[in-house]
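The annotation transmembrane segment is assigned in TrEMBL to 28-46, 58-82, 102-122, 157-179, 185-202, 214-235, 241-259.
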Amino acid sequence: LFMSSAGHTENFQDAFDRQSLVLDKLPLAFYAGMFAYSGWFQASFVREELVRPERNIPLAVIISVITVIVGYMLTNVSYYTVLGTQDVLASPAVAVSFVQRAFKSLISVVPVLVALSCFGTMNGGIFTFSRTLFVASREGQWPPLFSMIHIRRHTPLPAVMLMLPLVTAMVCVGDIYHLLNFFSFSRWLFIGLATLGLIVHRRRHPELHSPFRVPLFVPVSFTAICLFTVAMSFYSDPVSISIGCTMVLSGFPVYYLIIHRQIFLPFFSTLSDYLTHKLQLLLEVVQQEIKTY
């Protein structure tokens, strides 16, 4: 910032040149950007554990989003003041390249800051994903073991532990960009469908009490952006998106046969009861006694 204020703005010349803009690559850029800003909705996954969620969730979202926007904008301005566009594209770690040119004495601090950032992301991911499995199990759409909490720590231990094999399988993919595109497709598809469902629910039942409301154009615009990005991503990365779409569609026959029709329910119930009993003793987990929803 000091360098840009001193007149070093040559890297910002033609910054908004649209000659190299390709429409079918925009969804991949959106996925990366929305992943960086995606922490805003994680507060809603722990609503049951928050005090006064009707006040604290909107407050946390507003403050965090504004803080992240300002921080990311200043960081990107700093990067492009020191590094050119080609330098940023060629760098395997932009923060390291930036510090090597601007603050060589702080080069050892960058790995620590990156590790702290990754730790914060992992912490939010553990809160989000484990609570999703926890609620799905509580609604009867997942084995009952995952709706249980630890008898002393009161955390959804089975749901948290399930993340280990899933994360290990994702790490084995090896390519972070394909993994990001594959994961973002399903994430933003269901987020868009969820907000669309909320709009429909609000129109059908306007008499129901809502802890907080937003203008209708906000969820409508958000839903349109999500679904448009998901649709366009088929042109950007058809292989990863097709794999993600296949995995999403595979859930329909599983849900229809096991949950809706309950065709295989007797076999799965006997096996599930046996495994649940053994794992309950091993993990020291029980069903929650106090209803928090």
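The first residue you see is number 1, and the count goes up from there.
Heads up, the Cβ atoms here are built off N, Cα and C, so glycines get one too.
What you are looking at is a predicted structure, and each value in this text was computed from that prediction instead of being measured.
Sequence-distant contacts of the transmembrane segment (214-235) (same chain, six or more residues past either end, CB-CB distance under 8 Å): 23-24, 26-28, 30-31, 34, 181, 184-185, 188-189, 191-192, 195-196, 198-199, 202, 241-242. Residues 28, 126, 129-131, 133-134, 137, 145-146, 148-150, 237, 239-240, 279, 283, 285 of the same chain lie 6+ residues outside the transmembrane segment (157-179) yet bring a C-beta within less than 8 angstroms of a C-beta in it.
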